[in-house]
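Colleague: Take a look at what TrEMBL says about it:
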- 31-442: domain 'Cation/H+ exchanger transmembrane' (DOMAIN)
- 20-43: transmembrane segment (TRANSMEM)
- 55-72: transmembrane segment (TRANSMEM)
- 84-101: transmembrane segment (TRANSMEM)
- 113-137: transmembrane segment (TRANSMEM)
- 218-240: transmembrane segment (TRANSMEM)
- 261-286: transmembrane segment (TRANSMEM)
- 306-323: transmembrane segment (TRANSMEM)
- 343-365: transmembrane segment (TRANSMEM)
- 385-405: transmembrane segment (TRANSMEM)
- 417-437: transmembrane segment (TRANSMEM)
Amino acid sequence: MESYVSSIGSKLQMLTTSDHASVVSMNLFVALLCACIVIGHLLEENRWMNESITALIIGLCTGVVILLISRGKSSHLLVFSEDLFFIYLLPPIIFNAGFQVKKKQFFRNFMTIMLFGAVGTLISCFIISLGAMQFFKKLDIGPLDIGDYLAISAIFAATDSVCTLQVLNQDETPLLYSLVFGEGVVNDATSVVLFNAIQSFDLTNINAATAWDFVRNFFYLFLASTLLGVITGLISAYIIRRPYFGRHSTDREVALMMLMAYLSYMLAELFYLSGILTVFFCGIVMSHYTWHNVTESSRVTTKHAFATLSFVAETFIFLYVGMDALDIEKWRFVSHSPGTSVAVSSILLCLVMVGRAAFVFPLSFLSNLAKKSPNEKISFKQQFIIWWAGLMRGAVSMALAYNKFTSAGHTHLRGNAIMITSTITVVLFSTVLFGLMTKPFIKILLPNPKHQSRSMTISSDPTTPKSFTIPLLGEGQDSLDDLGGHDIDHRSSIRALLTTPTHTVHHYWRKFDDAFMRPMFGGRGFVPFVPGSPTERNPPNQWH
């Protein structure tokens, strides 16, 4: 009996010690997050640094310190988990991107974005898998089948849309931001869909029927994910508009918007769809309809709440990746053959660069053929920036690699360890090198981006939740009216009015939106009446 009690006591003591270690780890991690925010703020005006690179470097330095203190036993406070990344960290980032994106700019370049994001990703996957098959067979990295090579191509075709938010400015380079970030979201979704399809299909015996099922499943996931995001956004708009939640509580409005946004992502995961696409389009729809149905205090709250959650999640991811990069367990497996690991990393980095160039420049040429106005065409300098900024690989690649080559964050096979360490090397090198050089390249190649993209900026939609007015695909005249505080050349405005056809896609969408969608789901022009709120004192026609 005494031995039984003593064993229980020892177990409880171990549990208490483990809990205390977790608390210590979380305290250190939160302190590091605060340090990243402070240092990032101090380096805000630096042309080379951004907050993602700052967090990555702090994570690496912290990993080195922990490695020294633990005498080579450990280098991180937390083990990288793809579940933590995909379920908790990625949704607020992608949702806020859709919620804040300039929708007219995004949809004006929608076909180009889809070309880059979907077709371009497939081209990149093809080149990476073909190159990996040719080169990896000559290296001693263990047995890899065709499914492994295709998975590797999906892993390294995924661009880092999170880092894109840091290195490109939506206001200074609206066209570049729209193309690179829009492509990044679609690219991440395509890569994840491809990766999941590769994992679920038996690719050892490929025939015409298997290929057709693969393609059909791919397009089904794309369309169904987008539709689910739109439906969830519309449901949130309808629920908030009809009962007038704001009459009772701003807290309920904010809570419902947050929960509906997260619900869209989890529903997509529940039905084995792409949560990235779903939550992105849910953000777009909610910013166009739902956000205008809530009270003024709720608009301010949701705008800052979504931006804050996204910012903290971004910083968390890069700090997380930086610390996990020095995991001694994985590097121990490749310590006997460092040349192989370096060769694999170099080959993958070269294939990433070649694969991206293989679709950016040809697809830009095709996109330019379809555009009549010279101002809307993508110049070669802009194509180079698009190619360069999209070379960064980040947490999506890390999460997919861990999913494929580890079990619960650990690996015991040399070949798997080589792929994990190579992924870490490519992510660190691409984020630091390409991330550091993107801003200087923009300064050199596009010295006056605001003037070069004047036509894009004037006709782009400054009406996001940041500016408190949102016409989705609104007409140019509305956008010009919203820019009343800016110094616009009226001769250019008249010339643009004469050369732009009256009945455009924007025109027909606006008519459909005003006739059918807004009466049902609200949106701009619908301001709930709340006694005592600032909206009560506003003229009712200011939103029309």
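Here the Cβ of each residue, glycine as well, is placed from N, Cα and C on the backbone.
A quick note: this is a predicted structure, and the numbers were derived from the prediction, not measured.
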Colleague: Rank 20-43, 55-72, 113-137, 343-365 by Cβ pairs under 8 Å to the transmembrane segment (385-405) and hand me the top one.
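Modeller: Comparing 20-43, 55-72, 113-137, 343-365: 343-365 has the most Cβ pairs near the transmembrane segment (385-405).
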Colleague: Which sequence-distant residues neighbour the transmembrane segment (261-286)? Criterion: at least 6 residues beyond either end, Cβ under 8 Å.
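Modeller: Cβ under 8 Å, 6 or more out: 86-87, 90-91, 94-101, 103, 106, 185-186, 188-189, 192-193, 196, 221-222, 224-226, 228-230, 232-234, 236-237, 306, 472.
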Colleague: Have the transmembrane segment (113-137) and the transmembrane segment (55-72) got at least three CB pairs under 8 Å, pairs 6 or more apart in sequence?
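Modeller: As far as Cβ distances go (cut-off 8 Å, pairs 6 or more apart), the transmembrane segment (113-137) and the transmembrane segment (55-72) do not touch.
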Colleague: Could you check if the transmembrane segment (417-437) is in contact with the transmembrane segment (84-101), meaning 3+ Cβ pairs under 8 Å among residue pairs at least 6 apart in sequence?
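Modeller: No, the stretches stay apart by this measure.
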Colleague: Looking only at the recorded stretches 55-72, 84-101, 343-365, which one has the largest tally of CB-CB distances under 8 Å to the transmembrane segment (20-43)?
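Modeller: Most Cβ pairs under 8 Å with the transmembrane segment (20-43) come from 55-72.
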Colleague: So what's near the transmembrane segment (55-72) in sequence-distant terms, Cβ-Cβ under 8 Å and 6+ beyond its ends?
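Modeller: Answer is 32, 35-36, 39-40, 314-315, 318-326, 328, 428, 431-432.
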Colleague: Give the nonlocal contacts of the transmembrane segment (84-101) in its own chain as ranges (CB under 8 Å, at least six residues past its ends).
Modeller: 161-162, 165, 170, 178, 181-182, 185, 261-262, 265-266, 269, 275-276, 279-284, 286-287, 291, 306-307, 309-310, 313-314, 316-317, 320, 395-396, 398-399, 464-466
